[in-house]
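Remarks on the structure that follows.
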Amino acid sequence: MDVAKQFSSYLKQENKTENTVQGYTSGIRQYIKWFEGSYDRKLTKLYRQNILEYISYLKNVKMLNAKSINHKISSLAKFNEFLIQKGSQQDQVILKTDMIKVQTVYASPTQIVELDVKKFLQSVLEDNNKRNYAIATLLAYTGVRISEALSIKMNDFNLQTGECIIRSGKGGKQRIVLLNSKVLSAIKDYLIDRKTYSTAHESPYLFISKKREKLDRTVVNRIFKSYSNVITPHQLRHFFCTNAIEKGFSIHEVANQAGHSNIHTTLLYTNPNQLQLKNKMELL
């Protein structure tokens, strides 16, 4: 087993989310590719000088933004911890000061409006795929993350009470989200279709495919792209937060539904987005 796969197994043993495992493992594979391409040798441990050179490469050659670089540094820090536990390394060579300081952006991350979402949902509806419509409606009107939606099991939701348990929330936290009539109707329609899937009897998951017992997020991203170049699963989450606040939800109500551990994250949705800020600048 190569070291990246070993690292992936290590993360899973720590009960990291599927998203975190994929993101960190991808970051390490990229570093290994850069290291072996630069020095023509196999990676056995991390060296401080190499880390500094890699960060410089990400900044000046790849021209990545601070957020992307910081994510790769976080991956390397976790990988460093893994190598120490494995006995391949003794020292921690990634420091907290390696992280690039970023000024907090106070603009709302929402880039789409209600009309955009309605048009998108109508396109999915007219395509007559009940599963895809149920997923899109769930994301737009509950604010759950795509990873959370795809981890919902058949015994996690109650169509009578309109409640769903999110067991795989960020940081391993559980919460109950409320399902409105639009979501309930879409799920009920899909459940009839779900019975025709060959994997329906074996799979405990709500969202399945014809071949797999659990729908993959890359498949969902591809489905969304076939309908829109702008609307993504994550944009629907942003839309929910902004839409809920505009419809009268309190900050704490939105935070509970969306699973925000920090209330300041929710507060961002009370602010204008980048385009609105630019338009305001033109008024000066």
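Here the Cβ of each residue, glycine as well, is placed from N, Cα and C on the backbone.
Copied over from Swiss-Prot, here are the features:
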- Arg145: active site (ACT_SITE)
- Lys170: active site (ACT_SITE)
- His234: active site (ACT_SITE)
- Arg237: active site (ACT_SITE)
- His260: active site (ACT_SITE)
- Tyr269: active site, O-(3'-phospho-DNA)-tyrosine intermediate (ACT_SITE)
- 1-84: domain 'Core-binding (CB)' (DOMAIN)
- 107-282: domain 'Tyr recombinase' (DOMAIN)
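Straight-line distance linking the Cα atoms of Tyr269 (active site, O-(3'-phospho-DNA)-tyrosine intermediate) and Arg237 (active site), rounded to a whole number, equals 11 Å. Applying an 8 A CB threshold to same-chain residues 6+ apart, the list for Arg145 (active site) reads Asn19, Gly169, Lys170, Pro233, His234, Arg237, Gly259. Within the same chain, residues at least 6 positions away in sequence whose Cβ sits under 8 Å from that of His260 (active site) are Val254, Thr266. With every protein chain in view, the residue among the active-site residues Lys170, His234, Arg237 whose Cβ has the most Cβ partners within 10 Å turns out to be Arg237. The domain 'Tyr recombinase' (107-282) scores a mean pLDDT of 93 in the predicted structure.
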